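One structure below.
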Amino acid sequence: MLRSLSFAKKILLAAALVVVFAFSCFILYNDYRQREAVRTDTENYLGEIGTLTASNIQSWLEGRMHLVEGLASQLALLDQPDEANIARQLEQPVFSRNFASVYLGEAASGTFTMRPYDAMPEGYDPRTRAWYKDALAADRLIVTEPFVDAGTGEQILAMSLPVRHAGQLLGVAAGDMKLETLTAILNSLKFDGAGYAFLVSDAGKILLHPDSGLVLKTLAEAYPKGAPNIVPGVHEVELDGSSQFVSFTPVKGLPGVTWYVALVLDRDTAYSMLSEFRTSAIVATLIAVVGIMLLLGMLIRVLMQPLTDMGRAMQDIAQGEGDLTKRLKVTSNDEFGTLANAFNRFVERIHESIREVAGTARQLHDVAQLVVNASNSSMANSDEQSNRTNSVAAAINELGAAAQEIARNAADASHHASDANHQAEDGKQVVEQTIRAMNELSEKISASCANIEALNSRTVNIGQILEVIKGISEQTNLLALNAAIEAARAGEAGRGFAVVADEVRNLAHRAQESAQQIQKMIEELQVGAREAVATMTESQRYSLESVEIANRAGERLGSVTSRIGEIDSMNQSVATATEEQTAVVDSLNMDITEINTLNQEGVENLQATLRACGELETQAGRLRHLVDSFKI
């Protein structure tokens, strides 16, 4: 799918991925920072609220502890610590306003005096109660953990302090406090319904809790999946499938006990603002991506215009009319400008090479046409030579008949000698004409050989030019391959350049294939030219032999003429001369027959040469057609 996308779309896709990745990283980082900030703010908030709540509880308890200490001091100063005086001290309004009850358990008798009065169970002995024994053991004011009152059955909290009168232990004075005030202090922390507060001891026992079912239970029972450690700070726990923040703040200044105010806040509620911010950030990211893509698309369209023009020019050369006159307009000095300059230089070199090949192809076509014309002329001359040779053969036959007639009729020797003289003169002229024709044929064959040799040399030059073209194609292919390798090393940023390099390499490969086809045609043309040269050389050799034979025939006809001229003076040796003449005529007839045979072979060779020249002309036309496919 990615291969079918254009380079600009790939850049847009990559940019979109980069922008989305960058904004995603920003959102994640900002979410992390916001989460940390919210957690820090939550910790600070819970710490401040916990400290304030612990301080309120501490202040409330310290005021009651001062009242218990004052009660103990008043009881210690009694002149007569009897029950009436003790009751009088316990009945003071300040105690009734701040305590549910105040009382004294005497050490000596176990008497229990309480105001307001409330009947205790039968056999009740204060000296066996925890508030009594713990205060006596500590020998100072203590605060007990909440417990169930033996008289009312209510959950209360007690403060007790040993009382000494005149150096002797009088008993332990104590005050009971109901937990409504502490519960009200804790329940005032609602956190808009997202949390609550409770009181816990350092041992993990829950002293006060909005859920009454958890009072006096341990944290392990309240948090079965993992109880938080009771140390100052904020902890994250899981309860009923939801995560909660739990902070512990110690209540300072309590003698004998260590209590902590525990604040619980729902984590999702604390992070609710983050969800809104995250949604807003995602929407902003989508808007930013769309806007950036639109702007980047327009910018890429402008920046990619040189590359688009380059691709269109390459397509015109590869699939259009092969117009090598087109050049790219260089408007910048960047990578596109460098690539455009390189493309223009490459097309310029191809243009010059094709132009030279075109000129050579035209010259080759012209030379081939000249060779064809010369071969046609040679064919006409060969026909004329054949006719002349037939005439000579007929004359020789007549000469032989005349010689036989001389032998049969010596009386008519002079007359026949005269006729023979005339015929010999005619034969000599024919032979001289034949010699001249053979010389002209030899010269034309020599010229044809020279032209074919020149044609062969030019085809070699064309082959050298094609070798240069093939070298250029191979070098271009190598450069394109190196460019593709460098683009692969550059990764996504170099894919567009890799596509261009691949197209250049394809063009170089096609140019190399065309050069190889032309090279093959030139090689076939060279083979035909060499065959034509060999044939013309053979024809020239036969022509020279024909000239030599014709010269010999001329010489012999001259001898015949001279002998016929002497017939009148040598009539006595007619018989002998006639026999010699017959032998010479037979020999001449054989020579003429051989000349005729050689002439026929020469005609056949010329026909073969003509066919080779026609093939040469055809190949030259094909080469010219291939070159004309380019616009130069």
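Just so it is clear, glycine is given a Cβ too, placed from its N, Cα and C backbone atoms.
Taken from Swiss-Prot as is:
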TOPO_DOM  1-10  topological domain 'Cytoplasmic'
TOPO_DOM  32-279  topological domain 'Periplasmic'
BINDING   Tyr124, Arg129, Ala130, Trp131, Ala150, Asp176  4-aminobutanoate binding site
TOPO_DOM  301-632  topological domain 'Cytoplasmic'
DOMAIN    301-355  domain 'HAMP'
DOMAIN    360-596  domain 'Methyl-accepting transducer'
Task: Would you find the one among the binding-site residues Tyr124, Trp131 whose Cβ has the most company, meaning other Cβ atoms within 10 Å?
output: Trp131
- prompt: Can you count the other CB atoms that lie within 10 A of the CB of Ala130 (4-aminobutanoate binding site)?
  reply: 13
Statement: Out of the binding-site residues Arg129, Asp176, the residue with the smallest number of other Cβ atoms within 10 Å is Arg129
- request: Return one of helix, strand or coil for Ala130 (4-aminobutanoate binding site), based on DSSP.
  value: helix
- request: May I have the DSSP-based helix, strand and coil counts for the residues of the domain 'HAMP' (301-355)?
  value: 39 helix, 1 strand, 15 coil
